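Have a look at the structure below before the remarks.
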């Protein structure tokens, strides 16, 4: 009786071959991603180029802790030539993330230089499953449509060292559904290279967004992660805080306490004015970096410029009064009643300038998106300085005021009374 070979070994070999082929295909697809992981900031940026030659799309995935105001990925070598994708928490992000509606605002932007990038509504994108605020991190899993080339540059799909950039916002709160929301200067940024050949392959957007926590096909270049501080803005704020909380009160004290020696108040006012001008210069410089302040029409800028113009008038007025007092002193005369009235008005205008500086500092903190607690802390400090100095000013005024000369009628009655007693 003829014996037929058993089919099991052949079937096993066939099954093993199919499984091996599928595993190889899966490995190929899973490797069609280039990922940069930045350990210091716990951030990740992944790129996938769909294999479809007719597509002009780019799949991307990025994540960063929510203590950063935003996370941004830029296609290109520097800000001036990059297409930037900026992500930050949306309004009510917790409820939106739980309901599967995202919870993240993605804003495609362009920049003309080292300034805040401008939102571009012409860039289309799709956010996939997995996008949201998860465990204290911003997760963005999306596809940028027609993003392989843009108005100033293009991606080279055959480049194994394609230049890209990233940025991380400061530790300031930002929750907004507005893709044009104002952004503060980044606190960290860097450049990296991407292997676009490795990143090419068929890969679904939803399956693409995964946490890898390791770099593969991408590397930091140059100085790596660069930490950034807005030194100009810090100098502007610190100098005006010193003006409002220390220099202006001191100048007012000098003006009241040493008014009999006009040279000293004059020197104090000139130093006060010079410090204000010095503090204004960095403010003008940083205004050019941000979209909201480039037109100089924010309440902080308007009140600040008006206050400086008013202060210039007060200083000029004070110099004129100083010369008038010295001229009267040389003639052995007292200051005329008219000039005395002008001197009193000058003093009160100086106090008004101080009040404007106190208020405008608070507006500046709001414009720079400082936390509510920080703004409240400044408000309490400013109010405390005013409350403390009011009785001090009053005491100095009482001690240094000059007694009013007797009126003519009173003087005449005194003379009559004196003659009557002599008789």
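Residue numbering: from 1, along the chain as shown.
From the backbone N, Cα and C atoms, a Cβ is placed for every residue, glycine too.
Unlike curated entries, TrEMBL annotations are predicted automatically.
Among the ranges 384-403, 404-423, the one that TrEMBL lists as region 'Disordered' is 404-423.
Sequence-distant contacts of the transmembrane segment (302-324) (same chain, at least 6 residues past either end, Cβ-Cβ under 8 Å): 262-263, 265-266, 269-270, 273, 276-277, 280, 283, 296, 335, 339, 342-343, 346, 349-350, 352-353, 356-357, 359-360, 363-364. Contact count against the transmembrane segment (237-258) (Cβ pairs under 8 Å) is highest for 345-363, out of 270-287, 345-363, 375-397.
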